[in-house]
Amino acid sequence: MIYILGTGGNMPTKYRQTLSIFVNYMGKGILFDAGENTQRQMRLLNLSPTQIDYIFLTHIHGDHILGLPGILLSLSNQDYNRELTIFGPKGIKEVIEKIIDSFAININFPLKIKEIGETKIDFGPFYIESIYGIHQVPVLAYSFKEKDKIKINKEKLAKYNIRSNPKLAKLKEGKSVTINGITLDPKEFTYIQKGLKFTLITDTLFREQFIDFARDSDIIFHELAFLDKDKDKAIEHYHSTISDAFRIRDESNSKLLVFIHVSPRYQGSLFEIYQYLYNKKDWIIAEDLDYIEYKKGTIIYKRNDIVLYEYAIWRS
């Protein structure tokens, strides 16, 4: 599950909290950014900060980290029995240590703070990759990738009346096996089941490198900070435009474009945004508390339990 907790940029408004996205994958909780009121947003979705194992911060600006002091304080006051690891760009360690010291937070659980650059971190069934953006302070974009799986083609096996056999495990290792006098070639009797990939890009100027970084994403979460008519302001403040987002999505062969970090300046003129988006396909302007289910290879984007978008990345 992917929970879009906060979708605003710069400051909270009566419509949007600032950015945070929580992912619950195979029992691991991953929080991307911790905008103001992240805890409250989690509780509105019946989630708890105690479910967090990893926090990935894009950068140290307040609208992306002001929820962090409260999270650390809550974990210190609750029965949190996990190890928390916080990742972020250079400078994040000093900031977090000052937060802990300034708020006199008694950290009574294992806490690791890791400053990273462009890297790929393996978490077993998935990995998270990072790449630098261009902003007033060091900023990272992130990509979550569920590892592809080698699956046995049961339909083809059924044609040879082969249903189950311990030797079939060898096929997944790329080895030929002989069953009932029939030699099975792994190239013919196995296939790759694609893993989920999503990419988060926010608070950065456009970079050509983002296209390869986001390659074949099922979802791209991208900031909606400036329209094209305000491109000069976007460059001045080190942000991307709405056209930059579509360029990354289209040229990277990615699917669903979800806009987050929506600027308060456009809240009263959403009609202008929708005019631009009228002839575009596969996009959603996220709202707080939207969530994405991932079941049997199908992505289901929901708002208030209503399905807005459904897309199968593989079929069983």
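Note: Cβ is positioned from N, Cα and C throughout, glycine not excepted.
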One of His135, His237 listed by Swiss-Prot as binding Zn(2+) 1 at the site of His59, His61, Asp203: His135
Separation of alpha carbons, His261 (Zn(2+) 2 binding site) and His59 (Zn(2+) 1 binding site) (Å): 13
Intrachain C-beta neighbours of His64 (Zn(2+) 2 binding site), sequence separation six or more, cut-off 8 angstroms: Thr18, Leu19, Asp33, Ala34, Gly35, Leu57, Thr58, Asp203
Where His261 (Zn(2+) 2 binding site) sits in the secondary structure, as DSSP reduces it to three classes: strand
